[in-house]
Amino acid sequence: MLEADNLECVRGERRLFAGLDFKLEGGELLNLQGRNGAGKTSLLRMLIGLLPPEAGEIRWKGKSIKTQGDDFRADLCYLGHLNAIKEELTPLENLLAAAHLADEELSEDDAIDALEQVGLAGREDLACKYLSQGQKRRVALARLVKEKRPLWILDEPFVALDVAAVDWLAGIISGHLQRGGMAVMTTHQQVNIPAGTVRELRLG
């Protein structure tokens, strides 16, 4: 279970939100809504431990994330609004490098299969600098195909995707929820997640 208890966020001299509470269990997705500047990305950064809250506490499996360190990170998959890929590397090299840095096992065959699922068959060995923005986004999203960690934090995952890719990603997220995983995401798009319980939290 992921719990937020009485969270407060202050950036500069501006309070973005205060008294924020929620609980998220397996099979649930929390969709963060709100205008630009309402604190959605700041909340995601809090949930992954990069930004300490001004007040309140975040708990994972009943314990504060501040005390869990690597144990919490081992359960967490974070996908930011930036693609976080190396332009000089190929899609295949990017996937294998990301798995290595996360201390995860990912075979070359599984990485190629993931890239095929995101529509990059035949581009596995092309340097990412030659890909379109939508294709680069798909390289980043390919991580989710084989991802087994229970908690996904997704910042605008549908950016730069066409309609078919949006439907594909919604299916990947749905499968994660069906397996008992949970997710928190921000998106400006209307997306149908066919499985799991989708809850909405509006900021601002």
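Every residue, even glycine, has its Cβ placed from backbone N, Cα and C.
According to Swiss-Prot, the protein has these features:
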BINDING   GLY34, ARG35, ASN36, GLY37, ALA38, GLY39, LYS40, THR41  ATP binding site
DOMAIN    2-203  domain 'ABC transporter'
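Non-local contacts of ALA38 (ATP binding site) by the CB criterion (under 8 A, 6+ apart in sequence, same chain) comprise LEU16, PHE17, LEU203, GLY204. Between the binding-site residues GLY34, GLY37, GLY39, the minimum number of other C-beta atoms within 10 Å of a residue's C-beta occurs at GLY37. Counting other CB atoms no more than 10 Å from each candidate's CB, the binding-site residues ARG35, LYS40 peak at LYS40. The number of other Cβ atoms within 10 Å of the Cβ belonging to ASN36 (ATP binding site), over all protein chains shown, comes to 8.
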